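Colleague: According to Swiss-Prot, the protein carries these features:
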- 1-27: signal peptide (SIGNAL)
- 39-80: disulfide bond (DISULFID)
- 43-66: disulfide bond (DISULFID)
- 52-78: disulfide bond (DISULFID)
- 56-79: disulfide bond (DISULFID)
């Protein structure tokens, strides 16, 4: 009985993690353009617009740039346009 309840708890926990992570994995952070761009790595002094664009072009996207998020924009992420 104890083994069955432990298995059920593990399965339930994994199902919750999968459901939550599937929403996060999509990578779309911009609500207005969620279907037209994919955002991932935070932009830094080393990862700027040029580097972001290069990464996106290498992944066969049309273009890429650092996009600010928040009001006011407090963080920037590298976003590839589809």
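In case you wondered, yes, glycine gets a Cβ from its N, Cα and C as well.
Note that the structure is predicted; figures quoted are calculated from it, not measured.
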Colleague: How many other Cβ atoms are found within 10 Å of the Cβ atom of residue 43 (disulfide bond), counting all protein chains shown?
Modeller: 19
Colleague: Cα-Cα separation of residue 79 (disulfide bond) and residue 39 (disulfide bond), in Å?
Modeller: 4
Colleague: Nearest of the disulfide-bonded residues to residue 43 (disulfide bond) by CA-CA distance, picking from 52, 56, 78, 80?
Modeller: 78
Colleague: Round to a whole number and give the Cα-to-Cα distance in Å for the pair residue 39 (disulfide bond) and residue 78 (disulfide bond).
Modeller: 6
Colleague: Secondary structure at residue 80 (disulfide bond) (DSSP, helix/strand/coil)?
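Modeller: DSSP assigns residue 80 (disulfide bond) to strand.
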